[in-house]
Amino acid sequence: MGVYRVCVSTGASIYAGSKNKVELWLVGQHGEVELGSCLRPTRNKEEEFKVNVSKYLGSLLFVRLRKKHFLKEDAWFCNWISVQALGAAEDKYWFPCYRWVVGDGVQSLPVGTGCTTVGDPQGLFQKHREQELEERRKLYQWGSWKEGLILNVAGSKLTDLPVDERFLEDKKIDFEASLAWGLAELALKNSLNILAPWKTLDDFNRIFWCGRSKLARRVRDSWQEDSLFGYQFLNGANPMLLRRSVQLPARLVFPPGMEELQAQLEKELKAGTLFEADFALLDNIKANVILYCQQYLAAPLVMLKLQPDGKLMPMVIQLHLPKIGSSPPPLFLPTDPPMVWLLAKCWVRSSDFQVHELNSHLLRGHLMAEVFTVATMRCLPSIHPVFKLIVPHLRYTLEINVRARNGLVSDFGIFDQIMSTGGGGHVQLLQQAGAFLTYRSFCPPDDLADRGLLGVESSFYAQDALRLWEIISRYVQGIMGLYYKTDEAVRDDLELQSWCREITEIGLQGAQKQGFPTSLQSVAQACHFVTMCIFTCTGQHSSIHLGQLDWFTWVPNAPCTMRLPPPTTKDATLETVMATLPNLHQSSLQMSIVWQLGRDQPIMVPLGQHQEEYFSGPEPRAVLEKFREELAIMDKEIEVRNEKLDIPYEYLRPSIVENSVAI
């Protein structure tokens, strides 16, 4: 009984409004009332009206809605609905939606306070939870893009995706326009340079005139320097391979005459300043054939020393693993002739490009986030607090991944056209990399400790990753602490347990053998697991994604393919280097794709700045505000630090870390 003020918010995207009428019902603990056809929702507007209700409803539990269409279906994007009881109590209820309303079925929006099954002892929301998950499991089914990989969402086309997983119009227009621009630029570069010679390293400048960053220009000018080569293992686009050596690698076989090198390495090892980057993952991967021309791969090992000034300097490069019955592979040194040493470094940089794009970026960023997305939609109803906590960090992931499978890594896609791992090698590499998806490697406190990078003052990735993890962890603990007061509450939450099990056993194909949990036994363990999911979708992906434009635009620093075999002798010349590096077309296409993926995104939500409010009430809002305050402090401190650095490290700066895997 009484008067209610109802406010309905419609999204801002181009087609968010609807010409169809919307009917509403209020559902409370003690009754339900139909409000009738209340509005035709208008794009980017909050529409408010009052209703007089003759029934006593008690505390509101749901708003039900139905969109009625006459002749033409017109989808509506509903942000949220708020209902305020006018009178003595002035109770206000928040019903988040943030999805498309399609068809003429009745949809129920539960109140935004959120609860677990344990926190709903009367079972007021039980039927809704079960119905929602039943519908979602039909919409979100597991699929397998390639045998031997972790699972993905079923469906090979964008139209196979649930409508709520597709780009809104602004994002779609920007993405497709940038793709068209990149292809136009590629055609122009090819036509302008079709008759030009391709004989010196300076010739790469002829295609280096669009989409450059300040750091990319620095890379062009300094890429041959050993200090910049070493720096990239610490703070470049792929800081995930470097580890402190605890012994000399078994694969490092010293040919006769290399006793002095062995002594130098053992000296650095004893001092704790010896590091390694091992690309053994590339061993025995089948190399691509592009336009009937064989391409080539190596599996390098790089040994580096950390100097007192913080610089990481290469000491030796081995391009092949030793083979039984063969002579030890040559070891390339900084004292070798300049072109010999440069070619060895180019092989390392090309190998790093392959491993970056396939393992660090696609597998450990995009495909992992897809597993989290599908499992979340299948196992957690919208009223569940973990759903509310994690769903802003899953936005657009399914569409961007379907686009990647259809364009980048598809048959005859970009990888097949220009990458030395294309033509099937990329799938083989992903399959082999799956064995290294350990739980600890997704948690920076564990991963950095395992790799011996804690305390390395010149590893800004390590410092920033650890700090960002801790900030996200406190945020997760703050939200989870509102709903889980005891470890028993975690153990008894069957939806949470199902979600964890779905990720580990189904999505990740039995990853318990790599340390992923199949159940959550305490509040601390649950918080750690959720933090891992959010960090992977935000900070970790951004640390890998954002460096592409800076480090991969100058093609000799990250060759997409190599056109001659890895050297086995030390007689390389400039002609050898140019004949090995990508040709004009391959280089131009690499630059265009890197620009499209690495450019500043105009449609981008920074970490923690999502506008969607899935929680209602002051307590979750206070936790989110504290999270944003900590992110702002970190952002400012990184800005101050970077002013003193020769090369600023930006990739984990919260203001440019994206809130989800959306590009």
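Start at 1 and count along the chain as shown; that gives each residue its number.
The backbone N, Cα and C atoms fix where each Cβ goes, glycine too.
In three-state terms derived from DSSP, H366 (Fe cation binding site) belongs to a helical segment. According to Swiss-Prot, the Fe cation binding site annotation covers H361, H366, H541, H545, I663, on the basis of experimental evidence.
What Swiss-Prot lists as domain 'PLAT' is 2-115, and the listing cites sequence analysis. Secondary structure of the domain 'PLAT' (2-115), assigned with DSSP and counted as helix (H, G, I), strand (E, B) and coil, comes to 0 helix, 68 strand, 46 coil.
Per Swiss-Prot, domain 'Lipoxygenase' is recorded for 116-663. Along the domain 'Lipoxygenase' (116-663), the predicted structure has mean pLDDT 96.
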Around H541 (Fe cation binding site), which residues of its chain at least 6 apart sit with Cβ under 8 Å of its Cβ?
H361, G365, H366, A369, E658, V661
Using Cβ atoms only, which residues of the same chain lie under 8 Å from H545 (Fe cation binding site) while being at least 6 residues apart in sequence?
H361, G365, L597, G598, E658, I663
Show, in sequence order, which residues other than H361, H366, H541, H545, I663 on the same chain lie with their Cβ within 8 Å of the centre of the Cβ atoms of the Fe cation site.
L362, G365, S542, I544, L597, V661
State the count of C-beta atoms found within 10 angstroms of the C-beta of H361 (Fe cation binding site), not counting that atom itself.
23
So how many other Cβ atoms are close to I663 (Fe cation binding site), meaning within 10 Å of its Cβ?
22
